[in-house]
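The ATP binding site annotation in Swiss-Prot covers 93, 94, 95, 96, 97, 98, 99, 100. Feature annotation from Swiss-Prot assigns N-linked glycosylation site to 149. The signal peptide annotation in Swiss-Prot covers 1-26 and is backed by sequence analysis.
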């Protein structure tokens, strides 16, 4: 999936461009002055809904449900001047379906410096919590890190990748921060956003989509009402998931479970064309076909879904160019 730009809205007329540049310059002068004397936290937080929705529509292949749920939840949360709790999203689905891509887009379109922002915190089990025997130290460090950074900036984004590989018991230290009753002195921690990413529930999502296809239902007809329960059960039944016995799901601290559907051949083709455009290359039928031919689709008797979504598209394009 192609990398994001700050806004994918095309330029309009020359007059409109001149006005936009003038307005941007005036806005920059005022905001720069304010940021020099004010809070860098608030200045770094610059939501761009138009850019986000445009990028999701153009580059996120086959995920009507995820796109709708994320945008709706985010808009409702940010339009509330006094939210009662942080926004907590849990992204679920097969590998390569766009979970990490969406989380990176959120960072990109919410913060001026995107993933490089000091207010965006990205955690990976392999990098940050590699040794299960150090669990108690990790719990202490994680709680301290979250509380300290929320004290500095309430508009913080915390991304937790590969929840399937996170040591059970670690994430329970976040439980007080995800509800409405915790007190972090000096800041409104309820303005924070937490995003959890995992493959758990992917098989169950795939099965629902496969059954819909067999029943000749459009995938756009699949809703959260039929996917939410199977995802929740898959998480609760998985002793290796970071939410295992954490109380987070049991106490309903997740605002939205976001399902990512398996990708079909035409979705992978969409990813290939997007990646070629991102590289500044014209569409080449032989490259597109070569990537599709090298992609494994499942199930074996009905090769419908890509086994790794669009995850390998970029590397395969480089190989076939």
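Using the three backbone atoms N, Cα and C, a Cβ is placed for every residue, glycine included.
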## Note on the structure
DSSP, reduced to three states, assigns residue 93 (ATP binding site) to strand
### residue 100 (ATP binding site) versus residue 149 (N-linked glycosylation site) - Cα distance in angstrom
22
### Query
Other residues with Cβ within 8 Å of the Cβ centroid of 93, 94, 95, 96, 97, 98, 99, 100 at the ATP site?
101, 199, 202, 260, 309, 311
### Task
Which residue among the binding-site residues 97, 100 has the fewest other Cβ atoms within 10 Å of its Cβ, if you could check?
100
### Other CB atoms within 10 A, centred on residue 93 (ATP binding site)
27
## Note on the structure
In all the protein chains shown, the tally of other Cβ atoms within 10 Å of the Cβ of residue 98 (ATP binding site) is 27
### Query
Can you check what DSSP calls residue 98 (ATP binding site), collapsed to helix, strand or coil?
coil
